[in-house]
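TrEMBL annotations:
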TRANSMEM  12-32  transmembrane segment
TRANSMEM  64-83  transmembrane segment
TRANSMEM  104-131  transmembrane segment
TRANSMEM  161-181  transmembrane segment
TRANSMEM  202-224  transmembrane segment
TRANSMEM  239-257  transmembrane segment
TRANSMEM  277-305  transmembrane segment
DOMAIN    314-419  domain 'FAD-binding FR-type'
TRANSMEM  425-448  transmembrane segment
TRANSMEM  538-564  transmembrane segment
TRANSMEM  584-602  transmembrane segment
REGION    612-634  region 'Disordered'
COMPBIAS  620-631  compositional bias 'Low complexity'
Amino acid sequence: MASSGMTNAVRTAILLVALVIFLGNIMMWIIMPTDTYYNIWVPHLMAATNSTFFGIQGPIMMDFTFPILLIAVLGCFYLHLGKKENAVTKSSKARSLKFMRRPMIVKGFGIVTVTEMALFSMFIALCAWYFGGYLRHWFEQVHQRSLSKHEKVWQTKLDRVGIVTGVTGNLCLTFLFYPVTRGSSILPMLGLTSEGSIKYHIWLGHLAMALFTIHGSIYFIYWIITHRLSEALKWGDNYVSNIAGEISLLFGLGLWITSHPKIRRRMFDLFLYTHYLYIFFMIFFILHIGIGFACIMLPGFYLFLMDRYLRFLQSRNRARLVSARLLSCNTIELSFAKTRGLSYNPTSTIFINVPSISKLQWHPFTIISNSNLEPQKLSVLIKCEGNWTRSLYDLLSSPSPLHRLGVAVEGPYGPASTHFLRHNMLVMISGGSGITPFISIIRELIFLNSTLKCKTPKIILISAFKNSSNLSVLDLILPTYSSRTTASNSCNLDLQIEAYVTREKGRYKDQIAKLRTLWFKPDACDMPISPTLGPNSWLCLAAIISSSFAIYLMLLGFFTQYIVYPIDQNTNMLYSYTKKGSSSMMFLCFSVVVAASTAFLWNKKRNAEEAKQVQDIDDSGTSGSISNSSFDQDDVEMESLPLKSMIKSVNVHYGQRPNLKRILLEIKESSVGALVSGPKKMREEVAAICSSGQADNLEFESFSFTW
């Protein structure tokens, strides 16, 4: 207990230090567009950091780059210490500040919490302050500038509005990459996941591209009315490069347009491939504004680049795919071998690539297995709804036997902790494929109840399906035979399932479909899925961040001292912006590659040793073996399901939808977790019920699902 208390104290101290550093970083953003910053702070900073090694880039990195990277390193230590806590400690957090998690339905944003809206409002206020501050600062110089450029005052003001709009867009770009950095230490330190933070990336992306588009449009108007349209074709080598900015904007517009929800849904492949244009967008953006100013938004992109390279290294290995189970509802369960050292929390996701279908497409799927109950297996559920998943189903259901399927994976990625034990009851509401995260949660509760002897909450699972064939998915709720023997006699989980089939009045015997299980024969080069950075992955990531940034500083210092300074003399006006920006980008990539590759190869040897100890998966099963679903009749009680002692009842309702409002408001337990995963309409309905004030015992939580 004393050790646990000390660990919690250290984690709290780390969190407070990170918060202070972050608030200091935000204060820099607030003070930056003021006269105080330019007239007092900048001269002192330049005098104190007047270095021939880093030039003007030094103070910018000290103010904006270093603090965020330090927070990322602190986050790694915070999460590493959190891994030492047991499941009960992780899950029994007090329900403090519940009102801050209360859901709201905001048009254009969907379901958001009070906290999210408050933070987003503060960010918009920061952008407005940033825009207004810079506009006031540069308007003070507008008369002098208009005389020097021989133009009217209003034309000079238009020029200043254009540049301020672009600078504000850079503020949005600074935060754009944090939500999509899957292996980030910053997101889980805040209790967030990359999957759940995608909406922030979307908001920031829309805002950034709107500002950049206005920025570019204003300058084209300005050049036309001042008869300087030739400026659009200038590559300023010692100042802002206009043509580089225009190229960057074109790539950004390609990203932005294809990200429209209708285009993304109807032409997902187009959306996916055009999103790779971010590489060219960022290259030309840095060449446009110069590496010195780019250091303001560097930390988010730096961490994203590091994460992207680590994912690339992991994806070079072929995963050991053991079996594929074809369910009657056009659904596939893929099972991979994994090492015992790989652990993950419920609702985690993994990205899968099948080169024989597409070498570029990676698709996320929710993991349904439990790393504690099934220490050597990782399973995902895949619903055949798109072109890629249909191709996979056709490949596996082919009459000709398939002995091996080459698959690459990235991940798993998921929450750093769980908190389901803090509730007296969990009401899990799913629509269609939204059941997948709940399978992983139920399996985790089975482990906590049967192995750790924890008191688990009552569970009501409400699942809505279009057709009765989808009921076969419920067979996957309980663990496979490998873990049933340890849980069957000791688990007291109180689980009730209410299944709703909305488009059928009943189930007929001729609708019962056989299931096929395909057992593969993996090659010797197919490796069990293992932690990319080893068992102490967070400490390893902290070492990568620190060492890579140190390498980058050494390369940059050498380059500035012996190549840039003899020409530029710290004026930032004589040496080529293009050469300086290109060199800095190369140094950045080189430092990330060296540090990440070293750590990856070191842990690859350790993972290989553990992989040898993984027992061979029994491949004696025959391709096409048949297994019947438990739901082959209309009985209310599910008698054939193993471990039925933990399941109170399974009720199947045909031709109706669940009355969610009645069900939720009738629950009288003091603390009820209302977990929902499904279509947007269902999630908004549950959010509206929980935020209506009619039941204070309900706490809403929405899960993104991928299958």
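Any Cβ shown, glycine's included, is placed from N, Cα and C.
Just so you know, TrEMBL annotations never went through curation; they're auto-generated.
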Per DSSP, how many helix, strand and coil residues does the domain 'FAD-binding FR-type' (314-419) have?
12 helix, 39 strand, 55 coil
Which residues of the same chain, at least 6 past either end of the transmembrane segment (202-224), have a Cβ under 8 Å from a Cβ in it?
109, 120, 127, 155, 158-159, 161-163, 165-166, 168-169, 172-173, 175-176, 179, 231-232, 242, 245-246, 249, 252-253, 255-256, 259
By a Cβ-Cβ criterion of under 8 Å, what residues six or more beyond either terminus of the transmembrane segment (277-305) are in contact with it?
55-57, 60-61, 64-65, 68-69, 72, 170, 173-178, 180-181, 184, 186, 240-242, 244-245, 247-248, 251-252, 254-255, 545, 549, 572, 577-578, 580-582, 584-585, 588-589, 592
Contact yes or no, the transmembrane segment (64-83) and the transmembrane segment (104-131), 3+ Cβ pairs under 8 Å, gap 6+:
no
Over the domain 'FAD-binding FR-type' (314-419), what is the model's mean pLDDT?
90
Under an 8 Å Cβ to Cβ limit, what residues of the same chain, 6 or more beyond the ends of the transmembrane segment (538-564), are close to it?
52-55, 57, 69, 72-73, 76-77, 79-80, 83, 183, 185, 302-303, 306, 310, 575, 580, 583-584, 587-588, 590-592, 594-596, 599, 603
Positions on the same chain near the transmembrane segment (161-181), where near means CB under 8 A and six or more residues out:
29, 123, 126-127, 130-131, 134-135, 138, 187, 194, 197-201, 204-205, 207-209, 211-212, 214-215, 218-219, 222, 285, 289, 293, 296-297, 299-301, 303-304, 307
